[in-house]
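Below: one structure, written as structure tokens.
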């Protein structure tokens, strides 16, 4: 292999001395590999890593016309403010409640759906169902936001008309904070449960069929088989998916909330990301918004590391 | 059938019914909006449209497609999608080729890998990213929508796994024939990897078509918005003043049916590529979940 590699050539000057020649031949073999990585590295440095340095403005009173170099330093003032400002505490609370509910249901529903779908014997039916339930995953929250605002409207929205048939008074889903949270969780599960099912279906398919045969000979009915074979077999995957989603507990779904909320539900529906957007870009409080964002990033990073550790410990799962 | 007990038969009937209903529920909202878009103004305002158009008319689509601002946003949306996908895939393929080499053949590979993986785990957040994009001259240009997100680390991982599974003889033969890495990747690898490249391109296209937030924060006027951002301003912010619909005509066709038609046109490209996506994403997810 190595001999062949020397044929891979990019030109370089004739080296003098043994060390230089080794360096030159290394460059000859792999120089182009570095060059091929260059565009990705440059973009990552500018738009991935420079913003990480930019978080220093969380410790400043940043003013755009002064720049980072001349803006005054204020230490941890913004963080103190963050933990004393009632609005931001409410926002953190909302984020945890909304994304906590999402995590729970986004785990239960796909597992149940995968188990039920496995019981479908007609393969055309199964395929058709899969085609329909995977679809919403690919639609953006702009499209779905527009659709849901229409359907949930109090003035003759589809859902309220349906409730009227059942004799229930119209509900102002998008104006009442408690209903708004429910809408967020249900619509999120509606959009993603199908797609999340895929991984559990794959796990169920890979269960050794001889286990079921043996159970059947022992007289276990289908319910017992699901309870004692299917569920325990996919438990590691359930644990992995569950712990990994804990790492994203501070991401309550910016796109979704942003496209469904309005000032009437800020109190119970505002999450960290929408809050950062409003105070940062609309009110131009760059430093405070960055501090909130940094708080979220750090907690998020720690949670990801912990959840990967947990996933490894509990289910022997490693991503790298 | 493996299970013949009466209890299982009852369960089976219930199960088919339940899954059938649940599956249909996943597309009902879309069908509803489509029905509204094809209904007459009177029917839409009277709230009698469910899942079938009432008073069928194409007026809303005529209005939407006759709206220069909408068409312009549609074109920018397409431009952004094509440009963004081309740039991102070029960068992804080149990086994935280098990273697909083994550690002892390409010293420094590990360093690069961690460089990219760290970017996946940690980011500067909204405001610093916004400030960097603004300060690098991309502000208010279409480049702000296609350059900062061009390095898709997840696609790089999937692509490099694909490259690793290509037969080693392929590269050896190219090297014997005197081709360098550059020629190997551009005249051999990309041709034998077309299925993988097509798949990842499709997913990248969906991401670009659906992106709306970057347009709103980096572009100054709705004249420059791609379709998703444009729809966001009408549909969600309900900002009809910006959309160029003639107020007099609006009277005739109701803003609800026009909105519905715009939403449906926005979703249409996704619906068109969906069959192709479906063919691949199951495989992709399973590959992605296996340790790379």
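Backbone N, Cα and C atoms are what each Cβ position is placed from, and that goes for glycine too.
Database features (TrEMBL):
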{"type": "TRANSMEM", "residues": "B:13-35", "note": "transmembrane segment"}
{"type": "DOMAIN", "residues": "B:74-274", "note": "domain 'ABC transmembrane type-1'"}
{"type": "TRANSMEM", "residues": "B:82-99", "note": "transmembrane segment"}
{"type": "TRANSMEM", "residues": "B:111-130", "note": "transmembrane segment"}
{"type": "TRANSMEM", "residues": "B:142-163", "note": "transmembrane segment"}
{"type": "TRANSMEM", "residues": "B:184-209", "note": "transmembrane segment"}
{"type": "TRANSMEM", "residues": "B:260-277", "note": "transmembrane segment"}
Please figure out which one of B:13-35, B:82-99, B:111-130, B:184-209 racks up the most CB pairs under 8 Å against the transmembrane segment (B:142-163).
B:82-99
Where else in the chain does the transmembrane segment (B:184-209) make close Cβ contacts, counting only residues six or more beyond its ends and a cut-off under 8 Å?
77, 80-81, 84-85, 88-89, 92-94, 97, 145-146, 152, 155, 158-159, 162-163, 166, 170-171, 174-175, 227-228, 269-270, 273, 276-277, 280-281, 284
Given the transmembrane segment (B:82-99), its same-chain partners at Cβ distance under 8 Å and 6+ residues beyond its ends are 106, 109, 112-113, 116, 142, 145-147, 149-152, 155-156, 159-160, 162-163, 181, 184-185, 189-190, 193, 197, 200-201, 204-205, 208
